[in-house]
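Novice: This is the structure I have questions about; it appears just below.
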Amino acid sequence: MAKQRVPKGPSVLTANDLLTGTIVYWTGDDWSASMHDALRADDEASRAALEAAARTEEDANRVVGAYLFALDPETGAPVALRERQRLGGPSIILPISTPRAA
Amino acid sequence: MWLLETDGSFTRDDDIATGLEIPGEAPPAERPADPVVTIRFGGAMDGRGFSTANRLRAEGYDGRLIAAGPLMPDQARHAFQSGFDAVLVSDAQVQRQGEDAWRNAIHRSVQELYMPEPGSRGPERGIWAARHAD
Amino acid sequence: MYQYDGHDQAFVAARAAEFRDQVARRLAGQLSEDEFKPLRLKNGLYLQLHAYMLRVAIPYGVLSSGQMRTLAHLADNYDRGYGHFTTRQNIQYNWTELKDVPDMLDILAEAGMHAIQTSGNCIRNVTTDAFAGAAGDEEVDPRATCELLRQWSSLHPEFAFLPRKFKIAVIGAAEDRAAMKFHDIGLRAKPDVQRPRYDIWVGGGQGRTPRVAQLFEADVPFERLLPTLDAMMRVYNLHGRRDNKYKARIKILVAEMGLDAYRDEVYADMAERDPAAFAVAGKEYDRIAAFFDRGPVAPIDDVPVAGEGAFAEWLDQNVSAHKVPGHAVVTISLKAKGAIPGDATGEEMRLVADLADDYSAGEIRVTHRQNLVLPFVPQSALATLYGRLVEAGLATGNVGLTSDIISCPGLDYCALATARSIPIAQALSDRLREREAKARAAGVTVKGPTLNISGCINACGHHHAANIGILGLTKAEEESYQITLGGRADGGAAVGEILGPGFTAEEVPDAVEKIIEAWEANRLEGESFTDAYQRLGKAVFKAAVYEEAPRVAA
Ligand code: SF4
């Protein structure tokens, strides 16, 4: 994946778990599958700390493709369409649970 | 520096004769007269060095061809099967990628292809040839 | 169909073992992610938005019933109970874990299957006509050539780190059912004395710069096929651009060099080489072709089959003429009303495997339009087969209709996506199925434009090649859909033209409906969508779509 630029405003660190591929968010000392647990960086220095954590965690082969993404300062929701989709999971009903229409 | 040979031997040597060095990007206009030619790959994803080696073999170069650059152990068979005689590996690469991985590069990759490329240094004979050996 | 021998079996087993070792070295940190990524991609393993996705090869779209059961087993045990059949005639699993993939590959290898080169910058799975060996208009069975190319290109030492991916398609009939001219190399096999000869096309493709392939050389005898492909690949490998991934496909090389200059380079490379190295390919072709020549069914008496209602629609749309008398080719639509195009559950896969055993000599095909095919069905079994499909909810009679939509996974799964495509496909399917039912009830022939959807410019959903194409984009962090008209994937291959400003997801069904209405209102008797579009021009459709306020959805 193309390396994304460090966002300017409030942001959190995300990645995929190396072993399982699951989406994870950085809590400050570990990874969580829930964005609620994510450590939010509101200033330059804390964003730099998240960047550093991204590299360390990648080098430790725990996660892949770690990067920061921006949050809406008001709502705290991800700004980018892609991150909103990533957060919500597939927006469709997965086929296993839907009997087909004729 | 370390050298992996087509027979799988992998040894460290401070004094390796690398002969004429050329970039993998393009085959030279003239067939080299040097007994040893080292083709340097620009990156692990840059497969031009394989075609450059193959082209040199097709043009009749039969000296020693060495592959150099940031290759992975997994690419050793690609090198040999494209006409290289050896792969040159830096100490740093061996340290990170594992001596074991390089030593076993041949056994752990798929060796027997369907059709060897002309100029291949093996280790294969080719499944098609085996199927149709009369 | 082709049967693995010990060599093929050992080959895929060795590749599975190799990948297991690569995963172990990745986890141990001996391979960095930058190094591992191309290695995993060459084995079909992507990291998508939510999980790892494994794309399994279905070489040229041909499967045995046993192999289909293996795919069902993987869906049920290593995924969430379903898989997605792709426009490259492969299947992908959306919810795999890296640690499980080596086991999945072992299971596949036992079934004579693999994930080799389903991704990455290498020669990809070769595709063909899903009706190969069964189509009434076939001149040469393309599958023998496909299998030969599969073997030749698998783990090719020299062409595994190309500037970009490389797609080859082979057809052997007058009608192109494989979008051959939208491939990096397209081959049209023609009958010759002993083995086929080929028209070789080069430089087609979709993506950001869609191009229809140009004729590289006509009537190439079999003996020169592999030597020519070998040299074509080499010139591409050496000269294809590596500075910009959007300019790295062979279509750009051919455009920048010019076809003549490219051809000269290829012939110059060939001139240095002794084609005798490829001589063994002839015997291998004959060995492979023998598997396909022994057609699994013998001629029987033709049985007239007729029906009413939905069965009649299904007979009209999903059943095609067979080259063996007394038989038919049946397409199973994976495009039920509101369904996700190309998705099938493990249960459905098992059912199709059973149907193949009962009615189709144990053989199944996957089409590039994301449907399944039972290629050898006796006409006398059509009614029973239909009844069983109805029970399973797989009897939708819409093959070739507009609701037979191609859709890529889009932003619901894909890491590269710029918008969702599946919900658009579902909404359109609901709307179009209703239109089609009404038209049918009124006794109107409904064969309408093709409709394809991609979730980004990479065009895996072949939107450029559709009569009506939809491309999902991100505009100011919201989804926006661009419509193109006039594309074609058949023999008269053409790239669609952008209609105008984009639409929101909610507006798309109305816009598409207006386009179809404009065609219906303006077409001459029997005129196809693309012919009408050529004759009428874009303006008529533009006016129909943009010149009145969008209707409020009911
Ligand atoms: S077209 Fe784009 S969104 Fe769709 S599958 Fe391909 S890369 Fe993903």
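Backbone N, Cα and C define each Cβ position, glycine as well.
A TrEMBL annotation is a machine prediction, not a hand-curated record.
The domain 'Nitrite/Sulfite reductase ferredoxin-like' annotation in TrEMBL covers C:52-111, C:340-391. According to TrEMBL, the feature domain 'Nitrite/sulphite reductase 4Fe-4S' maps to C:119-271, C:451-549.
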Novice: Rank C:52-111, C:340-391, C:451-549 by Cβ pairs under 8 Å to the domain 'Nitrite/sulphite reductase 4Fe-4S' (C:119-271) and hand me the top one.
Specialist: C:451-549
Novice: Looking only at the domain 'Nitrite/sulphite reductase 4Fe-4S' (C:451-549), how are its residues distributed among DSSP helix, strand and coil?
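Specialist: The breakdown for the domain 'Nitrite/sulphite reductase 4Fe-4S' (C:451-549) reads 38 helix, 25 strand, 36 coil.
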Novice: Provide the three-state DSSP residue tally for the domain 'Nitrite/Sulfite reductase ferredoxin-like' (C:52-111): helix first, then strand, then coil.
Specialist: 30 helix, 18 strand, 12 coil
Novice: What does the DSSP secondary structure composition of the domain 'Nitrite/Sulfite reductase ferredoxin-like' (C:340-391) look like, as residue counts for helix, strand and coil?
Specialist: 27 helix, 14 strand, 11 coil
Novice: For the domain 'Nitrite/sulphite reductase 4Fe-4S' (C:119-271), what is the mean per-residue pLDDT, to the nearest integer?
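Specialist: Residues in the domain 'Nitrite/sulphite reductase 4Fe-4S' (C:119-271) carry a mean pLDDT of 96 in this prediction.
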